[in-house]
Amino acid sequence: MERNLKNVLVISFGFLFLFTAYGGLQSLQSSLNSEEGLGVASLSVLYAALILSSMFLPPILIKKLGCKWTIAISMCCYIAFSLGNFYASWYTLIPTSVILGLGGAPLWSAKCTYLTIAGTSYAEKAGKNAKDIINQYFGVFFLVFQSSGIWGNLISSLIFSQSSTKVEVSDEDLVCCGAYNCLTDTTNTTESAKPSNSLIYTLLGVYTASGVLAVLLIIIFLDQIKSDQAETEKEKLEIPSFWSTFLATFQHLKDKRQCLLIPLTMYSGFEQGFLSGDYTKAYVTCALGIQYVGYVMICFAAVNSLCSLLFGKISQFTGRKLLFALATVTNTACIVALLLWKPHPKQLAVFFVFPALWGLSDAVWQTQTNGLYGILFEKHKEAAFANYRLWESLGFVIAYAYSTKLQVYIKLYILLSVLVLSMVTYGAVECIEAKSSPGTPTATKKKNGGPLTQETHM
């Protein structure tokens, strides 16, 4: 096997094992650690730490440690979060969430840097176009990585389905499920359906082992990039200090198109936060039980992956405007339906319809918004994508922060309002672009969204 391809596969499967654990834990936080909103509070803190981390840590760590050891050490931050869940409390989950958030940005930056250098190196030897090889490597990476959402959630559902105590949800308890959930009673309902400690420890043990396996895979099998290969990249990394990155990020807000894209970018964080933090708890766990959360999120992950691939292919024919319209209509329909629907265990199929449609919409928000940033701000990509990470992460922080304070129907109205505002401001951006470059196709260079699409999923 060609050496660079071997390294790509090592990184891909390392991320697969790591995010099998983290993805599964993230989906369960609002249900597993529902006391006083601990689970969603930890996720809010996590994304706040990610914002700070992305401002200054990646260039410093990659320069000092190199890509291999930055990846390995950052992965250990994710393992710390798994360990914190063994004895979940404000004194364990919040600190480990900060640690994970700080490790998140260096992990993804080092991965992107490594794959870019590996692709460039191979292209030089083989006499091929570097961009083509780099895109192939990222394609291999995401082909493997995307399935982590399936495996992590499958593991949780299979383990929790072994519970000997099957709680039957009464009609009185079902009243507290859905959009008009009872903020106090819902917690008691979910607590009574909580799996035994032995099953929780078994799941956390599997997740921790998966994370450790990822670190060992990187340490043992990933080749360190040769100094001559990495020299050019290191020179690039020496430039952006904390303050230069910080200033460049906010100086980019002088571009009114960037300001107009803030609602759309934040909406991506809001809608993902709602599905993993509110839908899983107020609808799935409340009416069916925590053992179904994994299956529901598998449905979301599978549809999201397939649609991401599909929309990436067809966007060159349809244009991004039509895809944004499709996502808007789909998400609006879901929000209205969730406001009206009273979840009941007998309507099992409906619980899977919503995440499937949500996955379709999210695929558009992720691929097309990333691609839009790459096209509009081609000359200032670093500052533009720093803004993307900043505003989407802020959307996550806000969504998780108010998760336990507001009833679901209020959060759905907030979601709908942000969506409408997003489409108005996005329409303004398209109008500006149409006036400035009327002959420019809107659906080109879509691949800019590829490597950066999943970074915000941590």
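For all residues, glycine too, the Cβ spot is worked out from N, Cα and C.
For 39-57 (among others), the entry in TrEMBL reads transmembrane segment.
Under the heading transmembrane segment, TrEMBL lists 69-88 (among others).
Long-range contacts of the transmembrane segment (94-117) within the same chain, counting only residues at least 6 positions beyond its ends with a Cβ under 8 Å from a Cβ of the stretch, are 7-8, 11, 15, 22, 41-43, 45-54, 57-59, 61-62, 67-68, 70-71, 73-78, 80-81, 83-84, 134, 137-138, 141, 225, 229-230, 233, 237, 389, 451-452, 455, 458. Under the heading transmembrane segment, TrEMBL lists 94-117 (among others).
Sequence annotations record features per position, and here TrEMBL assigns transmembrane segment to 137-160 (among others). Same-chain residues lying 6+ beyond the ends of the transmembrane segment (137-160) with a Cβ under 8 Å from its Cβ atoms: 4-5, 8-9, 11-13, 15-25, 27-28, 111, 115, 118-119, 195, 199, 202-203, 206-207, 289-298, 300-302, 304-305, 308, 450-451, 453-454.
According to TrEMBL, the feature transmembrane segment maps to 199-222 (among others).
Residues or ranges marked as transmembrane segment in TrEMBL: 289-311 (among others).
The annotation transmembrane segment is assigned in TrEMBL to 323-341 (among others).
Sequence annotations record features per position, and here TrEMBL assigns transmembrane segment to 347-365 (among others).
Residues or ranges marked as transmembrane segment in TrEMBL: 408-429 (among others). Beyond the ends of the transmembrane segment (408-429), by six or more residues, the same chain brings 178-181, 257, 260-264, 266-267, 270-271, 274, 278, 282, 324, 328, 331-332, 335-336, 338-339, 372, 376, 399, 402 to within a C-beta distance below 8 angstroms of the stretch.
If you look up TrEMBL, you'll see 438-458 marked as region 'Disordered'.
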If we skip the immediate neighbours and take only residues 6+ beyond the ends of the transmembrane segment (199-222), which ones have a Cβ under 8 Å from one of its Cβ atoms?
6-7, 10-11, 13-18, 20-22, 24-25, 32, 68, 71-72, 75-76, 78-79, 82-83, 85-86, 152, 155-156, 159-160, 162-163
Quickly jot the same-chain residues contacting the transmembrane segment (347-365) by Cβ under 8 Å, restricted to those at least six beyond its ends, or write none.
264, 267-268, 271-272, 275, 279, 283-284, 287-288, 292, 295-297, 299-305, 307-308, 310-311, 323-324, 326-327, 330-331, 333-334, 337-338, 341
